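See structure below.
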Amino acid sequence: MKVTFEQLKAAFNRALISRGVDSETADACAEMFARTTESGVYSHGVNRFPRFIQQLENGDIIPDAQPKRITSLGAIEQWDAQRSIGNLTAKKMMDRAIELAADHGIGLVALRNANHWMRGGSYGWQAAEKGYIGICWTNSIAVMPPWGAKECRIGTNPLIVAIPSTPITMVDMSMSMFSYGMLEVNRLAGRQLPVDGGFDDEGNLTKEPGVIEKNRRILPMGYWKGSGMSIVLDMIATLLSDGASVAEVTQDNSDEYGISQIFIAIEVDKLIDGPTRDAKLQRIMDYVTTAERADENQAIRLPGHEFTTLLAENRRNGITVDDSVWAKIQAL
């Protein structure tokens with residue numbers, strides 16, 4: 001079914017206010033959920049909202065909490081999110097990283113006691129729109145087996161890198177072949193995954209999203225490489241924030257909350273002039289996209305460039321929402 005941006009935001013806003021979230025906070029949070037969905041990231045927008053409400057009701061998310069700065073070391077700061085609303089706090093932390101970068105050339109904010117930030121790409125994009133390189137990542141509860149194991153002991157720990165090219169070039173990727181949100185999107189659409197995304201119950205690689213959602217044997221991106229990246233990203237976020245690791249979140253908490261996140265902004269213009277920057281980026285993009293195609297009907301894409309098109313389509317035609325997901329939203 002199709003809904004408008006206004007319908008989405010109103011539904012989110014109503015659910016938040018009915019649970020005691022103050023009107024200003026509810027409006028800002030609903031806006032971010034609606035913008036994420038409008039951008040085409042349904043898995044971490046409308047599809048994720050019922051789970052967000054569940055954590056709000058369980059007390060994992062403290063809606064009136066505000067992040068607090070703990071340590072300041074010039075270009076590096078350490079903050080405590082105090083289990084505040086994840087997407088609003090992440091936006092504030094990237095804004096702070098940008099402010100630090102404006103003074104120092106680079107800014108790094110390490111955040112502890114955070115909640116799920118929903119679409120991580122929003123914060124990389126936020127930096128790139130202002131002309132900065134944006135880098136951020138988060139740890140999570142253990143939802144992926146390390147390479148060679150059956151049992152979940154590492155996080156999907158998504159990493160975002162956004163470049164201020166025209167259009168913005170951005171990688172937003174979990175350390176698994178697919179996020180659990182994308183498994184859900186494909187299952188709801190009745191689609192197999194385009195490539196193997198995990199193991200079935202017999203230990204064979206499978207493209208069936210529902211099987212992987214159930215047994216949680218999701219495949220690390222690049223096999224052992226994604227497994228290793230997940231571990232080191234967790235270590236860095238834990239150390240710099242003095243926060244909880246994947247092991248601590250999984251073993252000590254009843255759900256995924258109190259996680260650790262990193263936000264980095266780099267002011268490119270302190271290192272290279274604008275025309276030179278633009279020319280170098282354009283040459284990279286042209287060199288990649290003019291490679292001989294393996295399939296003449298399949299264009300060579302650059303990461304993140306599809307979001308501008310998706311946003312325009314959703315604004316023109318309405319936002320596609322799965323019927324069952326919309327029913328859940330309406331029932332909240």
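The backbone N, Cα and C atoms fix where each Cβ goes, glycine too.
Taken straight from Swiss-Prot:
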type     : residues                                                                                       : note
ACT_SITE : His44                                                                                          : active site, proton donor
BINDING  : Ile168, Thr169, Met170, Val171, Asp172, Met173, Ser174, Trp224, Lys225, Gly304, His305, Glu306 : NAD(+) binding site
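Compared over the recorded positions His44, Lys225, His305, the count of CB atoms lying within 10 A of a residue's CB peaks at His44. On a Cα basis, Asp172 (NAD(+) binding site) lies 12 Å away from the residue listed as 'active site, proton donor'.
Around the Cβ of Ile168 (NAD(+) binding site), 21 further Cβ atoms fall within 10 Å across all displayed protein chains. Around the Cβ of Asp172 (NAD(+) binding site), 23 further Cβ atoms fall within 10 Å across all displayed protein chains. Of all the binding-site residues listed here (Met170, Ser174), the one with the fewest other CB atoms within 10 A of its own CB is Met170.
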